[in-house]
Amino acid sequence: MIEDLIKGSQSGERSFKSHQLNVLPDQVSSPVRREVVSRSALGMNTPNNYDEIDVESGKLEEGKEKTVRSSSKRVLRIQNQAMLAGLAYCFSSCSMILVNKYVLSSYNFNAGISLMLYQNFVSVIIVVTLSFLGIITTEPLTWKLIKVWLPVNVIFVGMLITSMFSLKYINVAMVTVLKNVTNVMTAVGEMYLFNKHHDNRVWAALFLMIISAISGGITDLSFHAIGYTWQFINCFLTASYSLTLRRVMDTAKQVTKSGELNEFSMVLLNNTLSLPLGTLLILVFNEVDYLSRTPLLRQPTFWLVMTLSGCLGLAISFTSMWFLHQTGATTYSLVGSLNKIPLSVAGILLFHVPTSLENSASIFFGLLAGVFFARAKMRERTRS
């Protein structure tokens with residue numbers, strides 16, 4: 001499925017990404033070809049001329065075959081890289097949610113803020129190490145940049161914490177469906193804050209998302225009011241993060257040394273600033289008492305799983321950048337929507353979630369609404 005999406009999207013995106021593909025053009029209008037055509041038109045019919053034309057035509061055909069073979073190899077290599085990037089992105093994003101659910105539910109770990117803090121700490125260590133080795137480049141953290149970014153980071157921390165709280169009480173499939181509400185809040189925010197208007201297809205998809213979320217909640221056999229409350233707060237914070245990021249990004253770029261702020265810098269900035277704020281929240285929610293009593297922290301396998309979750313969180317940032325670079329925003333958004341389908345199925349099967357035909361239909365309906373929304377946004381982006 002990913003390979004078909006990549007092939008389809010690349011034909012539409014090739015017009016603005018041809019510099020990345022670097023495919024050689026067909027040499028039909030080469031100087032040799034023009035010489036052959038001009039000689040034929042002028043009626044140069046001497047035997048020597050015919051011989052010269054045949055020789056040049058042979059060289060031309062041979063050159064064209066080499067060019068076609070070289071171009072085909074390049075396109076095939078790019079498609080293989082895009083497919084690999086897509087699989088890596090899907091695997092890391094699915095695994096991150098499933099591992100978090102495993103830690104919070106199967107281990108019954110009741111310190112979601114501490115889990116978030118440890119994951120961000122692992123991400124900071126990895127990013128700083130890669131930056132020190134020169135593998136990636138990051139912007140230095142200055143006080144000007146921190147002051148500009150602090151409001152975004154507060155929302156970012158709230159978004160991660162509420163995600164942990166909701167995932168503990170709600171099954172993975174319903175979390176993926178309820179997350180669609182974020183798209184509705186973001187669209188409304190864009191309309192009022194940025195005066196951005198969406199077409200009828202987008203609003204129809206958003207309406208289907210709301211219906212699927214309501215029907216999914218009504219038919220959810222493992223309904224938990226606390227979990228649903230945290231999830232809706234998470235949707236609001238996620239939409240707020242997206243809208244605030246759009247406002248702050250230009251200002252943040254102005255206070256950096258290079259005038260840019262890449263994904264790695266944002267990961268380092270968000271995760272570093274979240275450490276003191278997360279520590280404060282651990283004290284406020286009194287997770288220290290729980291951490292001092294739980295036997296889980298004395299199990300090496302538990303630390304291994306928590307470290308894995310931190311690595312997967314960072315892997316999502318890396319693989320999403322890689323996949324976006326290999327394909328484009330169109331394929332990226334569509335694959336992201338389709339990726340929720342296997343994630344929901346895996347969440348139901350792995351955690352033995354009790355479900356009904358009505359609830360399964362609501363979940364599937366919500367996932368299709370997400371795909372429909374991605375396609376509607378693609379058309380809207382193409383028109384604009």
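Every residue, even glycine, has its Cβ placed from backbone N, Cα and C.
Annotation comment: TrEMBL describes 82-104 (among others) as transmembrane segment.
Here the domain 'Sugar phosphate transporter' (84-372) returns a mean pLDDT of 91 for the predicted model. Feature annotation from TrEMBL assigns domain 'Sugar phosphate transporter' to 84-372.
If you look up TrEMBL, you'll see 116-136 (among others) marked as transmembrane segment.
Among the features that TrEMBL reports, transmembrane segment is placed at 148-167 (among others). Panel annotation: around the transmembrane segment (148-167), residues 97, 100-101, 104-105, 112-113, 115-116, 120, 175, 227-228, 230-231, 233-234, 237-238, 240-241, 244-245, 248, 251-252, 255, 269-270, 273-274, 277-278, 281 of the same chain, lying at least six beyond its termini, place a Cβ under 8 Å from a Cβ of the stretch.
What TrEMBL lists as transmembrane segment is 201-219 (among others). Outside the transmembrane segment (201-219), and at least 6 residues removed from its termini, the chain residues within Cβ reach (under 8 Å) are 174, 177-178, 180-181, 183-184, 187, 228, 356, 358-359, 362-363, 365-366, 368-370, 372-373, 375-377, 379-380.
For 225-243 (among others), the entry in TrEMBL reads transmembrane segment. If one looks beyond the transmembrane segment (225-243) by at least 6 residues along the same chain, the residues whose Cβ comes under 8 Å of a Cβ in the stretch are 152, 155-156, 158-159, 162-163, 165-166, 168-170, 175, 178-179, 181-182, 185-186, 189-190, 193, 217.
Summarising the annotation, TrEMBL assigns transmembrane segment to 264-285 (among others). Tertiary neighbourhood of the transmembrane segment (264-285): same-chain residues 111, 113-114, 116-117, 120-121, 123-124, 127-128, 130-131, 136-139, 141, 145-146, 149-150, 152-154, 156-157, 160-161, 256, 314, 317, selected by CB-CB distance under 8 Å and a gap of 6+ residues from either end.
Annotated transmembrane segment per TrEMBL: 301-324 (among others), in sequence order.
Taken from TrEMBL, the feature transmembrane segment covers 331-353 (among others).
What TrEMBL records for 359-376 (among others) is transmembrane segment.
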Take the transmembrane segment (116-136) and find every residue of the same chain, 6 or more past its ends, with a Cβ under 8 Å from one of its Cβ atoms. 157, 160-161, 164, 264, 267-268, 270-272, 274-275, 278-279, 282, 306-307, 309-311, 313-314
Which of 301-324, 331-353, 359-376 has the most Cβ pairs closer than 8 Å to the transmembrane segment (82-104)? 301-324
